[in-house]
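Enquirer: I'd like to ask some things about the structure below.
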Amino acid sequence: MAKHLFTSESVSEGHPDKIADQISDAVLDAILEQDPKARVACETYVKTGMVLVGGEITTNAWVDIEELTRKTVADIGYVSSDMGFDANSCAVLSAIGKQSPDINQGVDRCDPLEQGAGDQGIMFGYATNETDVLMPAPITYAHRLMERQARVRKNGTLPWLRPDAKSQVTFQYDDGKIAGIDAVVLSTQHADTISQKDLQEAVMEEIIKPVLPAEWLSASTKYFINPTGRFVIGGPMGDCGLTGRKIIVDTYGGAARHGGGAFSGKDPSKVDRSAAYAARYVAKNIVAAGLADRCEIQVSYAIGVAEPTSIMIETFGTEKIDQEHLIQLVREFFDLRPYGLIQMLDLIQPIYRQTAAYGHFGREQFPWEKTDKAALLREAAGLK
């Protein structure tokens, strides 16, 4: 492969779509704390002065949707009308029904191992050894820029920052290996008291330089910091936000394929979420085991059916054993039935709010990021 550029973007926790994701997952977590068997599909819409929480939820738990919503928005940092959105005064509307009994009868079984998939669909997982967390570098560093923006905003280092922000990082590759960073874009909402010059200098010194490795930066690296010159109006006042509208930010930044299903607000019986997590777990363990440098796995399901309808592995010519053998190892060491993968990854726990910003993958606190099967896979593959 010759030289090429590849770009990924991330958005902050204060981006309207991410506000919606975090509210949906905060509701999910609160319900799972009380009712592990709950069925949750929670969607959120945010716009100036308003939050609408809807969806299908079947549970014996009781949660205060309004209180959860206000707390989530406040935690993000929207606590003043000066920012265009205020957790204390925004309207919170709720429109929640129950899961269709037609779906439910295909999911629940007397034998939990025969629990059917909550819907048909295709899911992808991916891993690459180009970073220490076995994720593509462009999305990894785009996320880290956004995490840094939130940190210096919340700790007072840059008090004029506001919650809404976006990042974009373009990496240059040479024969598939990272050769450097070609371009960095960072746009951040700010108070109207800061000048463009001061903002650009502060963002460079306090956000970009502490995050991006110096060895990948050069005199030819291009920086675009608030390139429009002004970003005062942001958050839900600037754009409406919806749950599930940042699926590429949530996953691999475009470096791998995506089945189309969003994650936030869905309990683990929804394979859109849980099987995508399991696919990442499989791919990461294959790469951690040294069986391939890059690995993409596709799984598919039929509604109400436990066994996956297909498993496909793509290793882009980097495999150390043939792909049929890889698939045999996946079937041997990973239970990809809905109930099996829920148990394998201990997914019935309130951990989802923290997934809803800065990516679902490449963050070691999540169970699907474990590499506990790597040694077993390597041994079974006969590699020393």
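The backbone N, Cα and C atoms fix where each Cβ goes, glycine too.
Given the structure is predicted, the values throughout are model-derived calculations rather than measurements.
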Enquirer: Out of HIS4, HIS15, which is the one Swiss-Prot records at the ATP site of ASP164, ALA165, LYS166, ARG230, PHE231, ASP239, ARG245, LYS246, ALA262, LYS266?
Expert: HIS15
Enquirer: Any idea which of 99-109, 187-197 is down as region 'Flexible loop' in Swiss-Prot?
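Expert: Matching range for region 'Flexible loop': 99-109.
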Enquirer: I'd like the number of other C-beta atoms within 10 A of the C-beta of ASP239 (ATP binding site), please.
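Expert: If we count other Cβ atoms within 10 Å of ASP239 (ATP binding site), we arrive at 16.
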Enquirer: If you average pLDDT over the region 'Flexible loop' (99-109), what do you get?
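Expert: Reported value for the region 'Flexible loop' (99-109) is a mean pLDDT of 56.
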Enquirer: Which ones are near ASP239 (ATP binding site): of the binding-site residues ASP17, GLU43, GLU56, LYS270, which have a Cα within 10 Å?
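Expert: Qualifying among ASP17, GLU43, GLU56, LYS270: ASP17.
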Enquirer: Just how many other Cβ atoms lie inside 10 Å of the Cβ on ARG230 (ATP binding site)?
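Expert: ARG230 (ATP binding site): 10 neighbouring Cβ atoms within 10 Å.
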Enquirer: Which residue, of the binding-site residues ASP17, GLU43, GLU56, has its CB surrounded by the fewest other CB atoms within 10 A?
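Expert: With the binding-site residues ASP17, GLU43, GLU56, fewest surrounding Cβ atoms within 10 Å: GLU56.
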Enquirer: Please report the DSSP secondary structure of GLU56 (L-methionine binding site), reduced to three states.
Expert: strand
Enquirer: Which binding-site residues (GLU56, ALA165, ARG230, LYS246, LYS266) fall within 10 Å of ASP17 (Mg(2+) binding site) by Cα distance?
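Expert: LYS246, listed in sequence order.
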